[in-house]
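All remarks here apply to the structure that follows.
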Amino acid sequence: SQLPGWSMRPDGSIVIATGNDDALGLYTCTPYNSYGTAGASRPTRVLLKDPPAFTVRPKEEYFQEVGRELVIPCAAHGDPSPTITWVKVGSAGKSWGSARVDGNSSLVFQPLGKEQHGLWQCVATSTVATVRAVTSVHVLGTSPHAVTNVSVLPLPLAANISWEPGFDGGYFQRFSVWYTPLVKHPPRAHHDWLSLSVPAGAQHLLVENLQPDTSYQFSILAQNKLGSGPFSQIVTSMPRGFPVTTVPPEPPAVTVPVLLSPPRALSANATARGVLLRWEPPARRSTALSGYALELRQDRGAWEVLDRSIPSTKTQVLVPGLIKDAFYEFRLVAFAGSYISDPSNTVNVSTAGMEVYPSRTQLPGLLPQPVLAGVIGGICFLSVAV
């Protein structure tokens, strides 16, 4: 008899829409026509198996400093038991570097490298089905990653360049557009190209005063405090010629270097609410200040961005909490448009022997856990040294 959800195709196949206990058992197929039948087929047994299901899924995102260990768990069950593998998205055939899979099917980076930044998939496979869980690994404390999706829009004697930023490595990044005319001699190295700085926060730039009927190559370079990332892919484009009603453009203006010295006289003082940092604005600046960024490091470790949006009108900021028995260093950088100053002088803060309590709401969420511990009540530091 035929059960609900069961059907037979014209070729004689049976379709069971939903597998359940009703489908279990032995089946035979008997072909026949007007002359009769040659008999039933050999029996086949239908068994129910469980597809893989994750019992431990990786988190959506992981943030960890370069050079440290990172373990990403993943586990699944099913009938039959699935096999678990890991795949880096977009890196087929490439080496994983220091990454490995341990006996618990966890992905282990020891140490974590810049090249391991990106999307990873935990793949559970059995004879029944394959399921995947995706996680994003963010490697902090590196130079920037290359920008992607570089696009060039040709304009009259100009070109509008746009792109999508890559990961900034955990620090402020700025961009520059590099370009060169495409001539018949061999390609020129990047240091022979012309470059233009991009205003802070922008993801496009208008390159003007290009020659008509000349192809140009364009590439984007990202930089942060640790250095330059790789150049983007090179895109070739030709600007439009002179419009009929347009006169030739004026010669390009001379670029005036921007002067921006570091913030001055950074000092630290302990208060009942935390450490109060004071400073004086840069002594030399040829354009208006955009703001400041405060950086911190603990026990001579890597520098971290504590606050990247301090208004240019401020000359003091309160750090509400640190952890006990630790040594901290603070410094400031100033911003003016797309320019970043060198760091200020460094001030030191010791919390040796003091009891403090966690206050995770005061500091940015991307900092390592030891930095995030803070103060709920009053706090007293043993020493504040400048």
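Each residue's number is its place along the chain shown, starting with 1.
Using N, Cα and C of the backbone, Cβ positions are placed for all residues, glycine too.
Automatic, uncurated: that is what TrEMBL annotation is.
Helix first, then strand, then coil: DSSP counts for the domain 'Ig-like' (52-135) stand at 3 helix, 44 strand, 37 coil. Annotation comment: TrEMBL describes 52-135 as domain 'Ig-like'.
Among the features that TrEMBL reports, domain 'Fibronectin type-III' is placed at 143-249 (among others). Across the domain 'Fibronectin type-III' (143-249), the model assigns an average pLDDT of 84.
Look at TrEMBL and you will find 262-354 (among others) tagged as domain 'Fibronectin type-III'.
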Going by DSSP assignments with H, G and I as helix and E and B as strand, what are the residue counts for the domain 'Fibronectin type-III' (143-249)?
3 helix, 47 strand, 57 coil
For the domain 'Fibronectin type-III' (262-354), give the DSSP counts of helix residues, strand residues and coil residues.
0 helix, 51 strand, 42 coil
